[in-house]
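Chemist: This is the structure I have questions about; it appears just below.
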Amino acid sequence: MNGKMRGSLVVLAAGALVLTGCTATATNQGGDGGDNAGGDEIIIGAVIAETGVMNQYDLPAMAAVEMAIEDLNAEGGILGRQVRLIQEDYKSERNLAPTVAQEVINQGADALIVSCDYDFGSPAALAAQSAGLISVSLCAGSPRFGPIGGLDLGFSAGMVSQATAAAAAEWANTEQGWKTAYVLEDPTLRVDTDWANGFIDAFEHFAGEGAVLGKDTFQNSDPSINAQISKIQALPTPPEVLVISSYAPGGASALRQVRAAGIDVPVLLNDALDSTGWFDAVPDLANTWVANHAQYHGGDPSDKVNEIIDRYVEAQGDFPPSSLIVDGYIAMQMIAQGMERADSTEGEAVTAALEDGTPVETVVGPATFSETLHTAADRPVTIAALEGGEPTFAARLTASYLPEIATE
Amino acid sequence: MNAVFQFLIDALSLGSIYACIALGIALIFGVMNLVNLAHGELIMVTGYTLLLTHGLPLPLRIIIAITAGVLAGILMDKLAFRFIRGAKPATLMIVSFGIAYLLQNLAILFIGSQARAVALPSWVSARISVGGIGVSPLDLVTVLVTVLLLAGMGLVLYRTPIGRQMRAASEDFTMARLVGVKSDRVISTAFALAGFLAAVAGILLIAKTGTVTPTMGLAPLLAGVVATVIGGSGNLKAAVYGAYLFGALTVAIQAALPTDLVAFRDAVAFALVILVLIVRPQGLFIRRAVAERV
């Protein structure tokens, strides 16, 4: 029994390793389409997930990239050259991304669009950097997407999570008048931890020391958060707002259990939970807000955003799944304005132009980049109310206070 | 005092879900020495069946979902494991990993990678306060269903011919075949029962979380395997005790650790599991050095 037990334990351990995702995938990319470098057009190479776990984020944002390219071409292109998109699927496999990126670079790409996350997007961004090209992640929210994370020529069209959290905290305290908060943090992904910490820092800045009554954590895959709920219910006074920093499905399931337990205080969610896909998981969804990137069901203060959403609905027959779609448009605005300012497509020149402190004019407002931050910390944040199965526009603001962002 | 009751209820409810899963894993391990890494995918299949039967009356959806779980269990055996009877445990396990990966990717391909919400009536998840203790009818149903299932499993294994054959097969597979036990039928039945248990666990789980994803089976599988290992591999009762212990441990650590350390909950829980394995590698609830497996 013992010998057999040990044998199965070794096998178990091996299985667990495999389960956690240490899987290798064979590369099987073939065929490339000639060299266009230095031609009379600007080639944007997109290395994104058409399949696999990341496609839910990448595909809607890519639809907006295509719209931005149409618009740019209608206005004469970039540097007077027409823009052409080539797109390859890295299948949400990080180890496949550099090969796919190289293939796109070999086809003459002048800049790369990469996946919507630091971990998934940085391998292709590094390949672009080695070829002297800039890359823009569709919507990564980590401040590491840039020099902090080793990507000197890599940018993100997302928003720094601490800054988004600070705007949410400022809105909660100054606009809504909530004086106390309780934070449920899901530490599975770094970006959600950053968001929770940014919120706590900023909320105590606006509402005063001790305004955050407590923080608890849960794992995204936890089948039950009964223990955490019992702790909230044991508080002497309930918080005026409950903050959940997570992503679907874990965050949605946490909200479902919170509401089922009869905790009916206002709930504020981070931008990783901004998607309509989980709404049905929470019966009678109400009194809930989400900090996101734009209003994506119509009614945004920016006409351009509404136009992007309309065009998406026309092409796809439904609203986009989340507000991250605007980041795709913004990614192209960053590339276009950077190249125009640098009067070049060369990576270092475009990077220097974007870093010079002049904001990029995006569809939701200005976004500034610096030598340390290649993800905007000052782009206006949108707050949406979730009620009746739909997000509705509630506010747009840039935080007046920014929590410290570690630059290690 | 309330805190103690609250803890007991939270721990029993989580432990019950783990017990359903651990029992299925232990059953298959007992009968054919396979640590079935695709056990979580039986939960996933049940979950997506619940999602796709949206619009039908709830009792019907539950029946269809359980049927799907049982069928998935049987098919798993008929289409894959049947062809590698008697292979080494490592080979069996790698095949089961392949099946898990295949099923996850089929779900991504046909339904998509994003989390999908399963709309269930709100009373399913309501939580009521009884004398200051938060009790959800779902928690009570979970505990009740599990206890009934465990009792039912006991009856099947100890009071029916197929149960006797299963226990015989798990004691000595070759000998059982020599005296006329139909091995394929025994294994098929074990997979059907494992599918049934996984389906029930899956439904209880989704009633709580309200969402399904292609990888939703992963965390329950891990909890089930850990429960089986700390209880004692292959022994059904030990696996159930292990599941309740692991559930209680998770809830206790969550409740007792200071906030800054709660993030290390799983690290602490799994460190304790390693400790158990070093001190009692045969499992906590196996008394004899050589224990019968079912």
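Cβ atoms here come from the backbone N, Cα and C positions, even for glycine.
Worth saying up front: this structure is predicted, and the values here are computed from it rather than measured.
I grabbed these lines from TrEMBL:
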TRANSMEM  B:12-38  transmembrane segment
TRANSMEM  B:58-80  transmembrane segment
TRANSMEM  B:92-113  transmembrane segment
TRANSMEM  B:133-158  transmembrane segment
TRANSMEM  B:186-206  transmembrane segment
TRANSMEM  B:212-231  transmembrane segment
TRANSMEM  B:238-256  transmembrane segment
TRANSMEM  B:262-279  transmembrane segment
Chemist: Given a Cβ distance threshold of under 8 angstroms, which distant residues of the chain, six or more beyond its ends, lie next to the transmembrane segment (B:92-113)?
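Modeler: Contacts with the transmembrane segment (B:92-113): 32-41, 44-45, 48, 51, 76, 80-81, 84, 213-215, 217.
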Chemist: Can you work out which residues elsewhere in the same chain, 6+ from the ends of the transmembrane segment (B:212-231), have a Cβ less than 8 Å from its Cβ atoms?
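Modeler: Same-chain contacts beyond the ends: 17-19, 21-22, 24-26, 29, 35, 37, 39-44, 47-48, 50-51, 100, 104-105, 107-108, 111, 113-116, 118, 201-202, 205-206, 238-243, 245-246, 270, 273, 276-277, 283-286.
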Chemist: What stretch, picked from B:58-80, B:133-158, B:186-206, B:238-256, has the most CB pairs under 8 A with the transmembrane segment (B:12-38)?
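Modeler: The listed stretch sharing the most Cβ pairs with the transmembrane segment (B:12-38) is B:238-256.
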Chemist: Hey, which bits of the same chain come close to the transmembrane segment (B:186-206), Cβ under 8 Å, at least six residues off its ends?
Modeler: 16-17, 20-21, 23-25, 27-28, 30-32, 36, 39-40, 42-44, 46-47, 50, 62, 65-66, 68-74, 76-78, 81-82, 85, 118, 120, 138, 141-142, 145, 149, 153, 156, 162, 165-166, 169, 176, 212, 216, 220
